[in-house]
Amino acid sequence: MNMEEEVGGEGRAHLVMEGTLTARDRVGVQDFVLLENYTSEAAFIENLRRRFKENLIYTYIGSVLVSVNPYKELEIYSKAHMERYRGVSFYEISPHIYAVSDNTYRALRTERKDQCILISGESGAGKTEASKKILQYYSATCPISDNMSTLRDRLLQSTPVLEAFGNAKTLRNDNSSRFGKYMDVQFDFRGAPIGGHILNYLLENTRVVHQNHGERNFHIFYQLLEGGDQDLLSKLGLERNALKYHYLVKGCCPRVSSINDKNDWRTVTKALAVIGFRDEEDLFNIIASVLHLGNIQFGEGQDEQTEITTETQHNYLSKLLGVDGVALKDALTHKKLTAKGEEVSMISPLSFEQAVAARDALAKAVYGRTFTWLVAQINKSLAFKGSSSVIGLLDIYGFEVFQHNSFEQFCINYCNEKLQQLFIELTLKSEQEDYEAEGISWEPVKYFDNKIICDLVEEKHKGFIAILDEECLRPGESNDISFLEKLEDTLGGHAHFVTHKLANGKTRKTVGREEFRLIHYAGEVNYSVSGFLDKNNDLLYRNLKEVLCQSDSQILRECFQREEVTDQKRPETAATQFKNSLAKLMEILMCKEPSYVRCIKPNDAKQPGRFDEALVRHQVKYLGLMENLRVRRAGFAYRRHYQAFLQRYKCLCPGTWPNWHGKLADGVATLVQHLGYKPEEYKLGKTKIFIRFPKTLFTTEDMMIFGSVVALSLQTSWRGYRERSKYQRIRNAGNDMSAWRGMKSRRRARCRRHAANVVRKFIKGFIYRHYERCPENEYFLDHQRFSFLMTLVRNMPKTVLDKSWPVPPPSLIEVLLTMEQKVVASHIFKDQKESYPHSVPRLFVASRLSRQYGVPVTKYDRRGYKARPRQLLLTSSFAVLVAEAKLKQRIDYTALRSISVSSLSDGFMVLHVPSEDNKQKSDVVLQCDHVIEAVTKLACMLNRRGLGQGTMGFRSGDWDGHGKTLIMWSVNHFYVDFEVCFGSLSYWNIQLHPSLGFKQSGFYLIYTGT
Ligand SMILES: Nc1ncnc2c1ncn2[C@@H]1O[C@H](COP(=O)(O)OP(=O)(O)O)[C@@H](O)[C@H]1O
Ligand SMILES: [Mg+2]
């Protein structure tokens, strides 16, 4: 539970206050810049782990939010939480995705500069969830005009649609986004969302035709089969059984327990309606056509030519795609070769393998382009033309390193290099600018500039992508191996590029013959060169494109445009397309103020509560978090605007409380001087204070928490006072106004003085809290005691045996002991002894005599019952009776059989010891003014010696007094009679003096267990 979250009502504030000092140890720091040992990766991970165990999934590195996937629903996303973060300064409240959302929004409104939030992390780390939370925050908290509610709904509803078509179940995430997404949310001058725009990147369309074991195709296929009504399925020629479709069975897992395809279908079709889709039928036809395409089989015809053997599927396919059946059949089994510059083209038959590849290429192209079309449709429905400010959300794949890395990982990691470059540039730039603006000298930070790797990949003519393209497009035989050789020729010798051939010694063993290694900023990754050429080339043959441009389907006609086939220019390769779209993305991001969310997944099993350190360490490394922290911590750990700093800590200094009226900088200077900051600990800039070490801040923060509690109670009384004065003012309206004003201002001044005094006393007390009680800490200790006791009342141990008492502050250890003893006393005496109720409110004292517990008693001689003043002292193993510094009698606890007291309010107690023991002098009759306290202390001593509490108890006396000597004497108002049996007191009876009304008690034995 977070401390700040706890401060609710006044009562709770006390609770929070007491816990604060120890809370930091338990829940770690909420900003990594406050880590004392900020260069230690172990300390970093330990901080993450501690917070994660307490369900605190968010932590800052300065303004970067680190988020750990909890894999469970946390109660931190309610409307009330949104409200809590609204308009609140970033650092004043615990880290949250809403704080980032709100801060970004406010920066947009106040600084009038476009913003972006970059969310990165491995698959399954929580990026998409984070971006959804941000959107939800905006849609719930931003102002909205009447006609904008449709837009808000569309904005929110675009997510399920995109997820249905672009997400799939993978081994890492049941709802993994298989594309990169950048979304702009546009706001008008009032801060209301008025439009949006989405850019999509690199959909993983190989998934359409193949899935790894345990993974699925895109959700939409299963949703259609499970949720589509029977009429629709019949029309599409589909059966409600995913196992019937080759494209859906490769991963052997058509069903996933966490996914309800039927419900999701309903959500998606509703969302399509909200977005304003009119081409649904067309869209479903295309999805179905992909499934039919997967079931198209080839065989060998009469003249050894490849032909389609699945006629029914083919008929459905051509119907759903809205194309001519014969032309489609031809295009799937033949390839059109056009010689350069010539009109005539030749038709060449495809081999079986080529036909299968052409079929799969068609499926990927149809699906991939439809996805892009879908994004365009959503954009149309969100479009707003006019001036607006923008918050961009980038939910994009993080660094990927698998056992086997290919073209996709290469693109993804290249994208991360670019983002890292942007990050370093912007973070360092903003750090440096901040220092300069504040007039504080900038201390240069060493960091790794990854421009060298970006250049390696993207440089014109000699970069990796240029070489790949050249190899794809050049005439003559080229393949993946020739590409590798070309890479070696051109990039050999580059510090960040290694192959088996280029490497020597040990490194050579770690790179395969068909692999190359890139040394990325985040670490080394080996890529297998196999498939690079094919994946980079557009494998869709021209004649298939020709067929599709003539489709009856509006969607397909938009996806496959005539110019593409008539244009003689080669289409752009996949890598170049990706490079260009990344360059555009960088441009978009460069002109915005960035915020970062770094997502981490705590385990691979998608389990709540499990924190796999090795896995987290890997991500901390690949997300570059340590470097991030190092850059952020260079110089000063903490900085804050004067106003914010003063607002938070002004209660710590009488000079600044309740309000500072001078210049802010002077106020902060007064405050830090009062707090005793040393010159090397801080610097004052133009508008901000910079604090070098986290320790300084912690001490201040601890004081503040206490201070704020006082301020809270002062505020309450101040408000009460104000209301009373208001009332008086009205009542005395007729009175002399000047006298009234004078009195009012005197009162106010008195009130202020009092408040300042209280605060001063409190702070002083805090500083002296570890000292013995003294005038400086009196007030503080009393307050601490009161708060602790109030906490205790709410958390009383249930039994005497329960040792789980709340840990008291040091000054209260004594009090806690007394409390424990009071519980023991209650156990022994409650409803048993008449004087017990009176003893309850009186505190037991540590001792009435010396350091050890001691109490004055009267001892009655066994013979004649003469009264003798004695002192009873309790040591850890025996009790002694002392007179005038002489030890008169020693009673070993081991020899003590029992203790008796009566049920009346007398002060008698009898310590029973065996008379046959020579060393002991038999039973001792004592009278004590503090009998309850004394017996309790004795019981506690015995208990501590291992005589279990359970062995103690009361027994009312029904002794058969046969053959005993009766002794009777009177003390004060009591008559006491004993029966003596074998020298020990076995029965005694106490009566009130007849003049006070007869009342007879029984005896009670407190057994010690011996
Ligand atoms: N803040 C969160 N609270 C609860 N569960 C979450 C949270 N973030 C992620 N998850 C869980 O983790 C899964 C994967 O998250 P997702 O955002 O899809 O990952 P990514 O987009 O990074 O691949 C989600 O489906 C959800 O079950
Ligand atoms: Mg995702």
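Keep in mind that glycine also has a Cβ here, set from the backbone N, Cα and C atoms.
Keep in mind that what you see is a predicted model, and the values were worked out from it rather than measured.
According to TrEMBL, the feature domain 'Myosin motor' maps to 28-705. Marked as ATP binding site by TrEMBL: G121, E122, S123, G124, A125, G126, K127, T128. Sequence annotations record features per position, and here TrEMBL assigns region 'Actin-binding' to 582-604. What TrEMBL records for 812-1000 is domain 'TH1'.
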Identify which of the following binding-site residues, namely E122, G126, K127, T128, place a Cβ less than 6 Å away from any atom of ligand 2, and list them by sequence position.
K127, T128
G126 (ATP binding site): tally of other CB atoms within 10 A of its CB
24
What average pLDDT does the predicted model assign to the domain 'Myosin motor' (28-705)?
91
I'd like to know which of the binding-site residues listed (E122, S123, G124, A125, G126) lie near ligand 1, counting only a CB under 6 Å away.
S123, G124, A125, G126
Cβ within 8 angstroms of the Cβ centroid of G121, E122, S123, G124, A125, G126, K127, T128: which residues besides those meet this for the ATP site?
N69, N173, G398, C599, K601
Among all chains shown, work out which of the binding-site residues S123, T128 has the most CB atoms within 10 A of its CB.
T128
Checking the binding-site residues G121, G124 for other Cβ atoms within 10 Å of each Cβ, the smallest tally belongs to G124
Run through the region 'Actin-binding' (582-604) and tell me, per DSSP, how many residues are helix, strand and coil.
9 helix, 8 strand, 6 coil
Going by DSSP, is T128 (ATP binding site) sitting in a helix, a strand, or coil?
helix
So, in DSSP terms, is S123 (ATP binding site) helix, strand, or coil?
coil
